[in-house]
Ligand SMILES: Nc1ncnc2c1ncn2[C@@H]1O[C@H](COP(=O)(O)OP(=O)(O)OP(=O)(O)O)[C@@H](O)[C@H]1O
């Protein structure tokens, strides 16, 4: 190996560590390095890829190369080539591709079925057996800035249930991967300890169980069952609001499990203290462990998710197509998945390669009816990014101007761009009253006339959301 090849090999190791397996596989692995005249030429598959590598990763690559070569760091250039060549050990040493792929997961082909679903908890007679989704694992979860912390915390909890953060409280908007993340914990705990009694449940089901126990005077059995769990995962805990009996029962259950070092994991669309109507003793207990957010994914992560999902369908998605879809579908991962399914189906049914034109055709009605795509989540995310605040602040009670004003702008945009009623908008913004929404719309409309800067910002946002 020449010094430059050595340098590139070092960069690969360094970058894999820094970017994580998914980002590395998608962005760095396709690069082919050609050492030439004291420079390292990195060949990329297409122009969009080139721009992306230049904007996001070139600095990192240069840093890694400088770290290896010290003062003698080579010049690194990017150019579009005819696609990555395979690097075999016997190959001439003039081109070095990135590390080999991770082993592929079993195919989704029915002839090669997914591993058996872990059965959760030998449930007591009245508590039907539930199953975790075997596809919701840490391996299939793409990590990016939006969920980095949540994932790290989840991994820690899965490896040391009942010992590190209890409860783990995960919050974030619709379709952002809360269920996927917490079920990954369940699946890993089950894999490591098949005897562990695990129950994943939606909060509404817990409410129903309490009601049934109440009706059938079967609280002893109810308690015996729930109190015997090793790991309890409850999704969408905000459904407990207004259910006093449920909250009371859950309070006892919570105490018993935590005292017994049994792990509890909860999700919600907002942080505990902002769930109005939840008893104070629960709110404070929910904050005992660790509360982590999942934010909407940024472009880079959305592309990675699309690539990974397509790969699981044994489909090689061109990065130009992935960018196109990711740029247009921004609000949440569920919508992103829906768009991907659509383009894949289109390509299969029409027997056409999945080109950019094919993707445009497949998504044409979604794109044409742009307004239908503008969801309240999309607006909240766009406005929060624009003003550099958290999406969670759209739901929060904070009244400082730097948060309240963007929130009012987002409400006004929602009124203008969607068919939602004032009460529905109020609900989507942390359960506010419709008069608050009306006041926000009037304030912003007036300010747009009198405050040039705000008027401009509003038009930019409108344009961003409609494009
Ligand atoms: N980071 C990610 N990597 C891969 N897939 C993801 C990721 N985030 C979400 N998904 C996928 O998006 C879909 C929606 O995720 P999930 O159901 O976990 O969202 P949620 O936050 O629980 O939504 P809700 O609030 O509606 O319950 C799932 O199919 C999930 O696998």
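Placement of Cβ uses the backbone N, Cα and C atoms for every residue, glycine included.
If you look up TrEMBL, you'll see 1-88 marked as region 'Domain I, interacts with DnaA modulators'. The average pLDDT computed over the region 'Domain I, interacts with DnaA modulators' (1-88) stands at 78.
Residues annotated as compositional bias 'Low complexity' in TrEMBL: 87-111.
Annotated region 'Domain III, AAA+ region' per TrEMBL: 131-347, in sequence order.
Here TrEMBL flags 164-295 as domain 'AAA+ ATPase'.
Here TrEMBL flags 175, 177, 178, 179 as ATP binding site. Contacts of residue 175 (ATP binding site) defined by a Cβ separation under 8 A and a same-chain sequence distance of 6+ are given as 331, 332, 333, 334, 335, 377, in order along the sequence. Under DSSP, residue 175 (ATP binding site) is assigned to coil, being neither helix nor strand in the three-state scheme.
Among the features that TrEMBL reports, domain 'Chromosomal replication initiator DnaA C-terminal' is placed at 375-444.
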DSSP-assigned states of the domain 'Chromosomal replication initiator DnaA C-terminal' (375-444) in counts, ordered helix, strand, coil: 51 helix, 0 strand, 19 coil
Residues flanking the ATP site, with Cβ no more than 8 Å from the Cβ centroid of 175, 177, 178, 179 and excluding those residues themselves: 172, 174, 176, 180, 181, 267, 294, 333, 334
Residues satisfying Cβ distance under 8 Å from residue 177 (ATP binding site), sequence separation of at least 6: 141, 147, 294, 333
Structural state census, the region 'Domain I, interacts with DnaA modulators' (1-88) (DSSP three-state): 51 helix, 17 strand, 20 coil
Binding-site residues: 178, 179 - member with fewest neighbouring CB atoms within 10 Å: 179
